[in-house]
There are 2 protein chains.
Amino acid sequence: MKGEKQEIHHTKPIRCIVKLGGAAITCKNELEKINEENLDIVSSQLRQAMMPGWSSSMKVLGMDWSKRHGESEVSGNIEDFVHNANVDSSRFVVVHGAGSFGHFQASKSGVHKGGLDQSLVKAGFVATRISVTTLNLEVVRALAREGIPSIGMSPFSCGWSTKEKNIASADLAVVDKAIDSGFIPVLHGDAVLDKLQGCSILSGDVIIRHLAAHLKPEYVVFLTDVFGVYDRPPTEPNAVLLREIAVGKDGKWSVVKPELQNMDKQVQTTVAAHDTTGGMETKIAEAAMIARLGIDVYIVKAGCRQPQTTH
Amino acid sequence: MKGEKQEIHHTKPIRCIVKLGGAAITCKNELEKINEENLDIVSSQLRQAMMPGWSSSMKVLGMDWSKRHGESEVSGNIEDFVHNANVDSSRFVVVHGAGSFGHFQASKSGVHKGGLDQSLVKAGFVATRISVTTLNLEVVRALAREGIPSIGMSPFSCGWSTKEKNIASADLAVVDKAIDSGFIPVLHGDAVLDKLQGCSILSGDVIIRHLAAHLKPEYVVFLTDVFGVYDRPPTEPNAVLLREIAVGKDGKWSVVKPELQNMDKQVQTTVAAHDTTGGMETKIAEAAMIARLGIDVYIVKAGCRQPQTTH
């Protein structure tokens, strides 16, 4: 998606905000299961994108020195760092969705509808945060294993809160400082406090939009489990991949490529029953909001080398 | 430890800040191993302390609905909440140390000495945070399984930073809001940014002192792996348990009970080689700083029912 460019100058611009879609890094149909293969591929590709000085002859300097499950020793070759100073990375921010983490706990308890005075909602809030922070830790570890200086930053802890699904407060100074210190902040969709209804679910897409408006990155990439945005659920026959979407100043979006045969036919979006963050319609609307800021948005299948050209 | 009481009135006072010592909840001599038995006992005792309305005839309403390792189903009986509204808890804050998590990564890379421009330190910072947040998640889960509405809050993400080992900034508003919403914040010793040297280790004890000064709890409890403070390392023969320590207005402390036979003999403290936060001397000094604020401090062996009377 492309919007009209605004002239913004930064001494140290943020290169990219990447959204790792929950469906791309977890197994959608299995509760709390990470798609390890996808996550590893994505992490490796992000390293190549973030570290322009890195060549394939160089060793990957892993930064996860924790024990992996079932092992007694820490991973990573700490000695390698002494002889290798080049761990500088471009200024990126990573935000990931929840996928098969968190959604179950949130929808069972109704965290997205608020009401912390109800014991079920309060417990669901705790359970949801446990689940999404478990995923966050695993994403941070996967990126760190690829030598990306990733730092987990939970929106709740960073003081993010909502009011009617919009951001009411967010301490971006902490994110700024982490970037300035050379780290890659890794945020995620989270259960947060809500000024009106007590609590709510803050989706990764809303976080991305807020970060994009503040950080003004060169571009925003959404890594998903499909090749991009289709005119109807991509599991349906004859679903057409939309290659280019234009966003007007009013935030309204229209399909530029391909020319849809039947222009009266609306783009159909669905919301899965367990999805507490609004499904594809919310996602497109959020992406359009970013394009409106003059920031190019790419929607790409995770692990692919050929991005869908959407602008 | 006891200091002179100051008259402070709160409409909703914080009852207690509890420090779970790293040595008490992890296996000190085994890298990244949680002392599950101790952690479970402590979590159960904290539930009893935090939930005055709870009786043994009531069901424990677990709030960790995640899969436990090796299981395919989520834990916790979500339906129970519908018929049971009583999950109110006293206003507590939990802070835990790192034990066998984080110390290895921090000391190997020198995170406590700063220097984020060195690749080893930067990687060590990432590795340390991965390790300590792994422990934090497990502590939050253990408390949640006991029905405690625990919320993990990483000091780095909450905007805590240091300057020469002291707190330079800390967003206590997030902690306050979590407490006001009925949650039990769970903070931990963390790698943070430092205004002078780039980065540093913020110990759980320094966090406790800062929280105590701000929140003015009724009391502070340190749960450790020994019965309290001894006149020398408790592994040495003839080590004497100090039952009562008085703290003067100047912050200096002296042993009141028992009367030491040789008063010239100083209390000996040691710092383990892998400990980047200062060992027992720092811990006593931090406890004394809290007592000086007029807040009683109890130092107790984790899992014991009879606390050491120190005041």
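Quick reminder: no glycine exception, Cβ is built from N, Cα and C everywhere.
Record check, TrEMBL: substrate site residues include A:A98, A:H103, and the candidate from A:G182, A:G198, A:G204 also listed there is A:G204.
The average pLDDT computed over the domain 'Aspartate/glutamate/uridylate kinase' (A:85-300) stands at 86.
Under the three-state DSSP scheme, A:K283 (ATP binding site) falls in the helix class.
Cβ neighbour density within 10 Å is lowest for A:K283 among the binding-site residues A:H103, A:K283. Of all residue pairs in A:A98, A:H103, A:G204, the annotated binders of substrate, the farthest apart have Cα atoms separated by 13 Å. Counting every protein chain shown, the number of other Cβ atoms lying within 10 Å of the Cβ of A:A98 (substrate binding site) is 30. The 10 Å shell around the Cβ of A:D225 (ATP binding site) contains 18 further Cβ atoms across the protein chains shown.
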